[in-house]
Amino acid sequence: MQTKCGVFFESYREEARLLVGGFQKSRFAAFFLLLLASPWFLNNYHVSVLIFINIAIIAAVSLNVLTGACGQISLGHGAFVGVGAYAAAYFGFQGVPFLPGLLLAGVAAAIVGAFFGIPSLRLKGIYLAISTLAAQLILEYVFLHWDAVTGGSNGMPVDSPSIAGFAFDTDRSMFYLTLFFAVLAVLVASNVMRTRFGRAFIAIRDHYLSAEIVGVDLFRFKLLAFAFSSFMAGVAGALWAHYTMYITPEPFAITLSISYLAMIIIGGLGSVQGAVFGAIFITILPEALGYLADGLSGVFPEVSSYLLAAKEGVFGLVLVLFLIFEPEGLNHRWKLFKSYWKLYPFAH
Amino acid sequence: MFERTVKKSNVAALRAGFAAAVLAVAMLLGAGAAHAEKAVKIGVISDLSGATSAVGVPYAEGVMDAVKYLNEIGYIPGVTIEAMQVDYAYNVQQALSAYKKFKSQGMVALQGWGSGDTEALVSFVARDEIPVLSASYSAHLTDPKKAPYNFFISADYSTQLRAALKYIKEELAESDAPKLAFIYPDNPYGLAPMEAGREYARELGFEIVGEENVDLKAMDATSQLLALQKVQPEFVWVGGTTPSTAVIMKDAAKLGMKATFFTNIWGADENIFKLAPQASSGSISLQASVTYDADTEGARLIRERTGGAYQMTHFIRGFASMYVMAEAIRLAAEQGEITGPAIKDALESLRDFDPLGLTPPVSFYEDDHRPNMAVTLYRIEDGAFVDLGTQTLERKKEWLGK
């Protein structure tokens with residue numbers, strides 16, 4: 001592990017810690033306390049953006065395990081999130097309480113994800129991408145036409161989550177609930193990456209033949225990656241459904257899958273922290289552009305209207321610029337930033 | 001030592017002067033308050049840059065122009081409408097964010113837009129008691145049991161399709177079992193009225209000879225139309241948007257199909273005159289509002305305000321939607337405080353309310369949010385809409401929400 005000068009580990013256990021050193025721990029604790037306090041000084045709008053960030057973090061981190069760590073490109077992640085959302089709605093409608101419903105939504109998405117992951121044994125790269133795109137299209141069709149379960153084109157209402165009689169029916173309570181699952185997802189993903197499963201995923205990504213030669217069961221681990229990733233995507237979908245309280249097929253389209261891919265590319269492929277950065281960046285981008293357009297409308301009305309028209313294009317532009325100028329993502333930029341301050345003022 | 005003696009009469013005079021000054025200030029403040037306009041905040045979710053911006057922009061312009069007009073004439077005494085607009089680019093998540101933003105800024109009612117955002121907000125608006133007038137006309141939004149705070153000013157998609165079928169049966173059909181086909185996109189908007197349409201077609205004695213899916217982004221519909229040509233429908237319902245309708249019409253003309261095409265509210269607007277000038281001629285467009293050149297008070301007003309620059313029917317519907325909302329706000333203000341539930345109650349008390357002749361009269365009921373059962377039919381001829389009259393259906397209970 002890369003640490004700053006002067007930090008020595010005396011045991012493997014110490015080396016395996018996620019947070020190293022007092023400063024890092026206290027910095028993280030301060031950030032976390034600020035995050036916990038944020039709903040008390042932010043308005044509902046900002047809290048709702050934080051909720052969407054939490055949900056996006058779960059989905060992006062899960063895709064990062066599949067694509068970033070295991071190298072299995074998925075263009076169907078938005079649909080796997082949709083499976084979780086519809087499963088949560090369906091089980092909720094059947095009277096299953098929130099927490100078991102959430103678990104079942106994850107399991108349903110994991111089964112669907114593993115099923116659509118079967119072609120990954122024979123397909124790689126762009127071919128696998130097309131295969132998962134097919135999964136996206138098939139699942140969209142199912143959402144729209146399986147009226148008895150999904151409500152078809154009319155969609156279906158979902159109740160607010162409730163645990164032991166406490167209803168999470170405000171933005172503030174939903175923030176804490178989604179934050180809990182986002183933190184859990186980050187911790188689980190970080191730890192999975194450090195286990196033999198994570199190492200097997202990375203081996204498959206880096207060179208599948210070598211991985212197989214050293215005893216990694218390709219089919220098993222690829223399916224595991226799909227199932228694990230889809231499980232977390234399903235949980236994200238279930239939280240989305242319970243937060244918005246009404247689901248239709250429209251949000252779970254290919255654009256959502258592309259958004260998640262953009263998150264992990266912009267954040268940094270293969271890094272859990274990168275996926276978190278990417279989720280925050282992509283969720284905030286349209287809101288920030290809206291703010292910018294609002295701010296400029298008083299001074300440059302023409303510019304703000306062009307900015308509005310270019311909003312969708314900006315998303316693509318940002319992605320291209322990241323690929324050209326920062327292919328390793330925001331996580332790399334963050335590392336450079338930290339290094340700069342570690343060495344400051346002796347940069348050379 | 002300085003001593004000051006003040007006579008009692010001076011003290012009394014001072015007191016009287018002070019009291020007069022306080023009274024004057026109070027009266028001034030009171031008068032100021034009496035003249036101060038109270039602002040009522042509404043949210044406007046618009047698609048100005050997304051997938052539906054071609055129709056979203058004129059609709060949003062209609063809404064915003066109505067707000068301006070209503071404030072100019074002081075439609076609601078002592079109250080100005082403050083419209084907070086956000087371009088959500090037809091992205092559901094951004095619509096939810098915009099809604100939260102408006103809510104934190106004190107919104108009491110919302111002008112919504114498309115299916116995705118309207119449906120995603122159904123539960124939120126019901127919980128927060130924020131009435132919504134949107135441009136998503138799915139029939140299930142008219143059932144207050146499922147969507148208690150949702151309203152719109154146009155006949156829903158199912159009613160539109162039923163009205164077309166009734167018109168065909170009464171005015172155009174030459175046989176007892178006219179051959180009918182449906183073309184629609186396989187998406188929530190396209191599918192919304194189909195079950196109702198099939199059922200009513202069977203009830204009226206139509207023979208449904210075919211159904212085809214044409215995507216909203218289709219560049220070609222030849223294969224679907226070839227399949228339909230074999231079964232020779234006399235009438236074809238097209239439930240897409242203007243660009244896809246233009247593709248269908250042009251391919252149908254190319255294949256020499258003789259059927260009469262009916263298009264629903266988003267299926268043909270003024271852009272069809274440019275996209276398929278010859279091919280669309282003779283087709284029938286269903287609309288919920290008058291056109292820009294109509295001879296009604298509202299159309300005259302809009303012509304005056306826009307300096308004769310032609311505005312699409314979407315602009316007119318946006319204007320009418322805001323006008324109806326303003327009437328509900330006015331009624332709520334008359335009753336007392338302007339709150340979401342008060343506006344909802346006011347909307348539900350509307351009976352044959354005429355939005356300046358821009359749309360057929362609007363009535364909402366506590367248990368029925370269908371604005372009316374009237375659809376205006378226009379024949380497209382030589383690059384213009386020719387008014388064929390308004391088809392009005394019975395407000396049947398069993399059709400509510402379906």
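Every residue gets a Cβ built from N, Cα and C, even glycine.
Quick caveat, the model's predicted, so the values are computed rather than measured.
Feature annotations, courtesy of TrEMBL:
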TRANSMEM  A:26-42  transmembrane segment
TRANSMEM  A:48-66  transmembrane segment
TRANSMEM  A:73-93  transmembrane segment
TRANSMEM  A:99-118  transmembrane segment
TRANSMEM  A:125-146  transmembrane segment
TRANSMEM  A:174-193  transmembrane segment
TRANSMEM  A:223-245  transmembrane segment
TRANSMEM  A:305-325  transmembrane segment
Problem - Which of A:26-42, A:48-66, A:99-118, A:125-146, A:174-193 contacts the transmembrane segment (A:73-93) most, counting Cβ pairs under 8 Å - result: A:125-146
Handout entry: Beyond the flanks of the transmembrane segment (A:48-66) by 6 or more, those residues with Cβ under 8 Å of it
Key = 38-39, 42, 72, 74, 77, 81, 171, 174-175, 178-179, 181-182, 185-186, 189, 192-193, 201, 225-226, 228-233, 235-237, 239-240, 243, 260-261, 263-264, 267, 269-272, 274-276, 278-280, 282-284, 287
Practice task
Return the stretch with the most CB pairs under 8 A relative to the transmembrane segment (A:26-42), choosing among A:99-118, A:174-193, A:223-245.
Solution key: A:174-193
Completion exercise
Lying 6 or more residues past either end of the transmembrane segment (A:223-245) yet within Cβ distance under 8 Å of it, the residues of that chain are 51, 54-56, 58-59, 61-63, 65-66, 69-70, 72, 74, 77, 80-89, 92, 98, 101-102, 105-114, 116-118, 120, 157-161, 168, 174, 177-178, 181, 185, 188-189, 192, 197, 201, 204, 251-252
